[in-house]
Amino acid sequence: MPTPWPSADGGSHKEGCLPRPHIDGGPAHEPPQDRRGLGRPPPPQPSFSSIPLDNDIKISLYRHQTSRLDPGVSQQAERLMSITESRIADPSLAAWGRKEIEIAESEMPGLMATRAEYGAQQPLKGARIAGSLHMTIQTAVLIETLKALGADVRWASCNIYSTQDHAAAAIAAAGTPVFARKGETLTEYWDYTHKIFEWADGGTPNMILDDGGDATLLIHLGARAEKDPSLLANPDSEEAECLFAAIKARLAEQPGWYSKVLANIQGVTEETTTGVHRLYEMERAGTLPFPAINVNDSVTKSKFDNKYGCRESLVDGIRRATDVMMAGKVAVVAGFGDVGKGSADSLRNAGCRVLVTEIDPICALQAAMEGYEVVTMEQAAPRGDIFVTATGNVDVITLDHMRAMKDRAIVCNIGHFDNEIQIAALKNLTWNNIKPQVDEVIFPDGHRIILLAEGRLVNLGCATGHPSFVMSASFTNQTLAQIELFANNADGKYENKVYTLPKHLDEKVAALHLAKLGVTLSVLSERQASYIGVDVAGPFKADAYRY
């Protein structure tokens, strides 16, 4: 059976279900723990005594009588219920997280302007949003924006390594249930993803906010498996094995649960290329169960987050992981789409000599005319010091490529899934863990590679991802998309298809970020606007325009 999701945006964000060799001073091929999480104690959870609330609130919570409390006490009770329900690493990190959130807010003008514009209207009142997106400081600002507009939210990360534990603690302490911690097992990952669909009152969400499509996949595949269990019969990877096991367990415990959840979903907004590919595949197959907005292809997402975000965060991740001197090194970037362009810029700006591999003649020509040498991976493998995959495909760096690499070549991925690099082919080799998310993989001939984040997102696994400012543009698009699907679809204008936000909203998102950079726009005269056939206030470009 084919894998139930396309490998659309690079390597995986999740831990393998089965153990793999990961050696740190012990006998070869003996993993330090079961990678499914078996036998490992759960992360410590706060008790009532660890939360600074008075006894009346604790007693009221115990008796489930919070509705009788005055508003101030009810808010504290909600926070306590949230943090005791949440699955986070350390609730004591909340104060640190709150300080960083406040700094991030000053760098996220789009989200803050959206709160100011729509807060009084409460366009998301009644929305129950199941969020699956990297639980970072920037995402915390997004969550609090959604709540400021009236939404009820539950959140999990879409990546086992991307959570910033202090961000998760701050959001849980503020009253939003969070199921995320850095270094989840895959079993925990799918358990946490289930939890964002389970409201404390027994209800379910009516909206999904997704990054990579896992939340959508879980509900869609689970509902299909209720009718056809054979869909779960033949997992073709460790990841699929764990997903299928989680769905089978839920089907046994709560028959019909997935269909119940699916029936209540009004729509999904999808953040990244990987998830968008999944949605378009479902649309082509006629199986898309609800309307979807493709946030990724908003210009103010793909041309900014994907390019300028990667331009800053890629080298940051590599440096934090390895302390390597970048200048003078030969770096190889696989793929020259928006992510690849930003990655190549990042490495060149750090002083690397950059090689690019491509299959698309247009992208290859762009790379060549930017001054990059375009080669095949076979040609690049023995030359490169640093390898970065950004293709949205599988098996881009193979075992044979890694055999041909220099000793201690650095190998990493800035796509969404880990199958851009043949990680599974390395599992029988000797692994020497250097520090979290940095491993040496030793080949039989004695040469080794340095593998970052086990082939998952290097900028989030080994650093903190993109800067707040560029994420403000992406997340403002997400917020507007949630409003559009939830509040502006009463007449059913959105069918079960994939849509993009209109051009005027794309331009609005950009405009909200100009003042922070000191930008002053020129204004068309009526004659100028008439001459080029646009309104003075825009939109200024046709939908087909390629920025």
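Note that the numbers count up from 1, one per residue, in the order the chain is shown.
Each Cβ is built from the backbone N, Cα and C atoms, and glycine gets one as well.
As recorded in TrEMBL:
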REGION    1-53  region 'Disordered'
COMPBIAS  11-23  compositional bias 'Basic and acidic residues'
BINDING   T136, D211, E271, K301, D305  substrate binding site
BINDING   272-274, N306, 335-342, E358, N393, 414-416, N459, H466  NAD(+) binding site
DOMAIN    306-465  domain 'S-adenosyl-L-homocysteine hydrolase NAD binding'
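Every protein chain shown contributes to the tally, and the Cβ of D211 (substrate binding site) ends up with 27 other Cβ atoms within 10 Å. Spatially close to T136 (substrate binding site) yet at least six residues away along the chain are S162, T163, Q164, A167, L460, T464, G465, judged by Cβ distances under 8 angstroms.
The CA atom of E358 (NAD(+) binding site) is located 21 Å away from the CA atom of D305 (substrate binding site). Reduced to three states, the DSSP call for E271 (substrate binding site) is coil. Its own atom aside, the Cβ of D305 (substrate binding site) has 26 Cβ atoms within 10 angstroms in the protein chains shown.
K301 (substrate binding site) and G337 (NAD(+) binding site) have their C-alpha atoms 14 Å apart, to the nearest angstrom. Taken together, the residues in the domain 'S-adenosyl-L-homocysteine hydrolase NAD binding' (306-465) have a mean pLDDT of 97 on the 0 to 100 scale. A C-beta separation below 8 Å, combined with a sequence spacing of at least six in one chain, links E271 (substrate binding site) to L133, L209, D210, D211, G212, V295, N296, K301, S474, Q478. DSSP assigns D305 (substrate binding site) to a helix. In the three-state DSSP scheme, G340 (NAD(+) binding site) falls into the helix class. Between the binding-site residues G337, G340, G340 has the most other Cβ atoms inside 10 Å of its own Cβ, all protein chains included. Long-range Cβ neighbours of N306 (NAD(+) binding site) (same chain, at least 6 residues apart, Cβ-Cβ under 8 Å): T273, N296, G337, D338, V339, G342. In this structure, the CA atom of G415 (NAD(+) binding site) is 13 Å away from the CA atom of D305 (substrate binding site). Taking every protein chain shown into account, T272, K301, E358, G415, H466 are the binding-site residues, and of these the Cβ with the most other Cβ atoms within 10 Å belongs to G415. Taking only the Cα positions, the spacing between H466 (NAD(+) binding site) and D305 (substrate binding site) is 8 angstrom. In this structure the C-alpha atoms belonging to D305 (substrate binding site) and G340 (NAD(+) binding site) are separated by 12 Å.
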